[in-house]
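*Asks:* This is the structure I want to talk about, given as structure tokens.
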């Protein structure tokens, strides 16, 4: 039960962070200036809720880690165990994760003028911190630095891809209104950015696997089999993304009324598969790769 709680908290934390990152990415960079305020208003409530869950899950994960290190649920609620966790490498990094999650929530609630850029930088910093815990710390020396840097790139690219899909769906709603031109601009910018994000996810994901298990990656363990399932699901997402961009988008120029609903449905499917991938990632963190 404690392990399941850890998996659930990791899923909530990753998903929340990626949503805040994706919305901030649109508000700070991808959306044209004329609709940035409109997008910020549309995403604000969801961003705030995601920031709350990010902070709650990060804090709870520190306590649950104490239970995993100790004797179970009793140690989850022990301040002495929390202090012991903070003395570990995980605890030292995770304390900053909690601090940044708190600052992210404060920014989302206070809504300063440059909020999207601040949230973008804060969530990026949290993904970099996440690369300093887990399987990315298995190596030593220069290899460890390469692995952690690569894992940070993997997380940021994944957040740009997965976190940007919900804003895509909302921009599709704007296409039929007065903001049509600006919405199309935002979608095209995300498409351009998405190409790099997908390539980054694939390249860094392969390198991550090689740095953890070596070549060829092992498929005899539960960890290896889950990694293979994750890779298959990611490739399905790639196929959907390519079909959207290079099949449905050209068709929208000819018959928007028929192609647009398919585009929306496929994007929802892509997002749902991405959520399943995040569940698998959360589960992989609890397993030994060997």
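The backbone N, Cα and C atoms fix where each Cβ goes, and this holds for glycine too.
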*Asks:* Go through the topological domain entries in Swiss-Prot and note whether residue 193 and residue 290 share a side of the membrane.
*Replies:* no
*Asks:* DSSP helix, strand and coil counts for the topological domain 'Cytoplasmic' (32-49)?
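*Replies:* DSSP classes over the topological domain 'Cytoplasmic' (32-49) add up to 17 helix, 0 strand, 1 coil.
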*Asks:* In terms of Cβ proximity under 8 Å, which residues at least six beyond the ends of the transmembrane segment (118-138) contact it?
*Replies:* 17, 20-21, 23-25, 27-29, 47, 54, 89-90, 93-94, 96-97, 100-101, 103-104, 107-108, 112, 144, 147-152, 154-156, 159, 208, 211-212, 284-285, 289
*Asks:* Below 8 angstroms Cβ to Cβ, which residues of this chain, lying six or more residues outside the topological domain 'Periplasmic' (282-290), approach it?
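*Replies:* 3, 6-8, 10-11, 14, 134-135, 212-213, 218, 221-224, 226-227, 230.
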